[in-house]
């Protein structure tokens with residue numbers, strides 16, 4: 001009986017072969033990448049907690065937080081650290097936290113970078129940083145907080161633009177995915193079904209808004225908002241179906257639903273003092289419906305910030321870059337930058353874009369400023385969408401004209 005014995009040297013050589021080392025590195029990169037992907041949910045929870053703190057300080061800070069009375073910056077009775085000013089102070093702390101994270105993680109491209117470890121771990125230190133950055137603004141004079149509020153308006157506007165671009169890119173990707181294909185007959189039918197559902201929902205939304213918010217001739221502004229939204233729906237569908245554009249019904253249908261939703265949200269933000277406002281109906285129902293609506297709105301803010309933050313590929317100049325296994329799963333710098341802008345955005349929603357007003361309890365994004373911000377957001381979204389449809393046609397036309405001009409010059413030269 002002959003036994004084959006393998007020397008220890010041979011085992012070591014086999015264990016350190018290039019193939020095995022590559023597999024080990026690949027597994028290590030996969031573990032680190034999953035850890036980095038899980039980290040973004042932790043930042044989302046931090047952002048949600050900050051939103052809840054801002055709401056608590058706004059509605060109950062003056063009565064339940066007696067420590068605010070000892071800060072000179074909070075004024076007599078802590079009035080300068082609650083309501084609108086309280087929200088701005090919490091927002092400033094959240095903004096500073098994510099700005100620091102942006103400055104310390106931007107341009108991180110590889111998983112073995114030290115900054116990747118900082119992004120994905122050290123949570124105890126980060127929570128201490130968050131607490132410190134949240135407390136410090138409560139000792140800052142109110143004039144500087146007011147100045148931050150003016151700056152936050154601009155930052156919130158930038159956040160809305162980034163969110164619009166991200167949503168439109170997603171709609172474009174979805175339309176391309178469901179485009180008719182000989183190998184995907186089911187996809188074509190599903191795309192047609194989804195576009196039909198979107199258009200039916202949009203038309204029903206327009207009719208319902210006319211009945212609920214524009215039933216009186218005195219509701220001129222609401223009639224204008226809803227009618228202009230209906231015109232935008234027709235224009236987007238016509239441009240999308242034009243022979244030179246030929247983008248189908250799905251993208252325009254999804255965009256129509258989104259535009260109708262923005263119009264409905266704008267009308268819902270009208271103050272309760274108006275005869276055509278839905279806030280009067282909400283005040284009549286009151287109670288738990290208001291609380292549920294408020295909590296849903298906070299979750300929507302967090303989800304909007306999170307979805308925009310992880311969509312860094314939309315804002316890359318080079319979209320053809322191949323992803324390596326040692327590359328970070330998403331751009332950390334862009335992620336934290338969006339969250340810092342989101343801190344300004346949630347502040348504007350909590351104070352209804354009004355730096356001098358007194359927000360009502362359990363209210364969010366209610367007032368004429370909020371209404372006009374959403375209406376302009378709706379018009380801007382439709383403009384960006386139409387621009388993305390028309391731009392390729394314009395470029396192609398310019399190229400063809402340039403080629404014709406060169407051909408005519410060549411012909412004239414030859415003659």
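Backbone N, Cα and C atoms are what each Cβ position is placed from, and that goes for glycine too.
As annotated in TrEMBL, transmembrane segment covers the listed stretch 287-311 rather than the other ranges in 62-86, 287-311. Beyond the ends of the transmembrane segment (220-241), by six or more residues, the same chain brings 199, 202, 206, 209-210, 213-214, 247-249, 251-253, 255-256, 259-260, 263, 266-267, 270, 276, 375, 378-379, 382, 385-386, 389-390 to within a C-beta distance below 8 angstroms of the stretch. Between the transmembrane segment (151-171) and the transmembrane segment (375-394), three or more CB pairs separated by 6 or more residues in sequence fall under 8 Å, so the two stretches touch. Taking every listed stretch (120-139, 192-214, 248-267, 332-355, 375-394) in turn, the largest tally of C-beta pairs under 8 A with the transmembrane segment (87-108) is reached by 332-355. Same-chain residues lying 6+ beyond the ends of the transmembrane segment (41-58) with a Cβ under 8 Å from its Cβ atoms: 64-65, 81-84, 86-87, 89-91, 93-94, 97, 101, 123, 126-127, 130, 134, 294, 298-299, 301-302, 305-306, 335-336, 339, 342-343, 346-347, 350-351, 359. Packing against the transmembrane segment (332-355) from elsewhere in the chain are residues 40, 43, 47, 50-51, 54-55, 58, 84, 87-88, 90-92, 94-95, 98-99, 101-102, 105-108, 115-116, 119, 146, 149-153, 155-156, 158-160, 162, 269, 297, 301, 304-305, 308-310, 312, 315, 363-367, 369-370, 373: each is 6 or more residues past its ends and has a CB under 8 Å from a CB in it.
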